[in-house]
Amino acid sequence: MDRAPQRQHQASRELLAAKKTHTSQIEVIPCKICGDKSSGIHYGVITCEGCKGFFRRSQRCNAAYSCTRQQNCPIDRTSRNRCQHCRLQKCLALGMSRDAVKFGRMSKKQRDSLHAEVQKQLQQRQQQQQEPVVKTPPAGAQGADTLTYTLGLPDGQLPLGSSPDLPEASACPPGLLKASGSGPSYSNNLAKAGLNGASCHLEYSPERGKAEGRESFYSTGSQLTPDRCGLRFEEHRHPGLGELGQGPDSYGSPSFRSTPEAPYASLTEIEHLVQSVCKSYRETCQLRLEDLLRQRSNIFSREEVTGYQRKSMWEMWERCAHHLTEAIQYVVEFAKRLSGFMELCQNDQIVLLKAGAVEVVLVRMCRAYNADNRTVFFEGKYGGMELFRALGCSELISSIFDFSHSLSALHFSEDEIALYTALVLINAYRPGLQEKRKVEQLQYNLELAFHHHLCKTHRQSILAKLPPKGKLRSLCSQHVERLQIFQHLHPIVVQATFPPLYKELFSTETESPVGLSK
């Protein structure tokens, strides 16, 4: 009996297994461009999915980016989207090319070098795992009351850059990682973006808070009150406010009242909360305001606009899907740095992000909008609504531009956007919350902080001009409706090219658990 076909089949299986092993080993090396978790060799260089997609798009449209500084911008997980020119130059300098060799065609010298780097990374991880870990549980925490928070990616690495003085956002040493405990298990891509995976203990305690320069009012168990803040919302209320804040659709006076069991906070503590939210916002801004203002004179030419209009519908949808997904990842990082957010149960973290992340992106968009000529910053320059004609959803684009125009008329400061977007995200009226009271407490604290800041800066009048929450929900619904139409026309494009996080948040097509847990 001829066993040649059997041997050939066995060899093929072994080759496939070897390739999978090589890929998994390569992924221990961080992205050479930005330092994020890599996903393999792309265009000749070990990169993450984000840098792979960025390079692919830049080559597809022969993009000509420009740098507003000295063409030496640092490129890391936090700043990689701030300067496309320097990011592309780093890609090219490190050898990314459409003509780059495949992994299987590497020379022996290249393979040996790669193997040595893999071994180095594995040794570093092994050393970290062997380091002793001292963990102090919170006072009074017992058994199931001890909360653990899962941060999502292998070895606790987050998708975006971390600041060393923000423990909740820092990468967890492997020694802190252990299997998830009790509670719901999430395997979706939103969790992968920073809320699930190997769990990292981030229990809060008063002692830990003091050591980190924070006070106990950061927890959801502590409430700020108008009396302790020296605020009287009845006195400061704008004449046109009426009963704003008493329902789920406005941002007037605080929506919830303090509870007897919740400790009060002082004016100093409210000031600290304002500063904490604003700091978290500054560290997770996709683009710096000064850069956006400097670029306002850099407008797409008529020829460039025509080029965008001639693109296929699916290509423009893919581009916008990737840009929106990147913006959402920054919102995820912002949420994790918000005081009290990581103390919510995991289900409620997911619910708030799935419902509010795009709403936060829409509010942040007003920073990139120029009301003088009704243009928005997109892929390095400013352009009007006509730039997005190929999407085939002019009504949605017009609604988004109108919303940005209305917000820009309020002349928000960066701190006001920080506090406003925190309230957009932390909304106790979202359906599906399991511990609604905790979210109410956190929302109440943030509302007091927002009102305190507006009173301090004599800007209370903007409360009457803020768009109702229903407006943001309407824009998000329009987006989902247009996506459903596009998905019906181009299902393969959505399945094959759209980011997993985008598909999970918006697509109506349910993916298999296997696909979600990759």
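Quick reminder: no glycine exception, Cβ is built from N, Cα and C everywhere.
As the structure is a computational prediction, the values presented were derived from the model and not from experiment.
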Among the residue ranges 15-20, 489-494, 501-506, I'd like the one that Swiss-Prot describes as motif 'AF-2'. 501-506
As Swiss-Prot has it, region 'Modulating' corresponds, among 1-30, 31-60, 451-480, to residues 1-30
Grab the pLDDT values for the motif 'AF-2' (501-506) and give me their mean, rounded. 87
DSSP says what for the zinc finger (67-91): how many helix, strand, coil residues? 8 helix, 0 strand, 17 coil
Other parts of the chain folded back onto the zinc finger (67-91), taken as Cβ under 8 Å at six or more residues beyond its ends: 33-36, 43, 45, 47, 50-51, 54-55, 58, 158-162, 283-284, 286-288, 291, 294-295, 326, 379-380
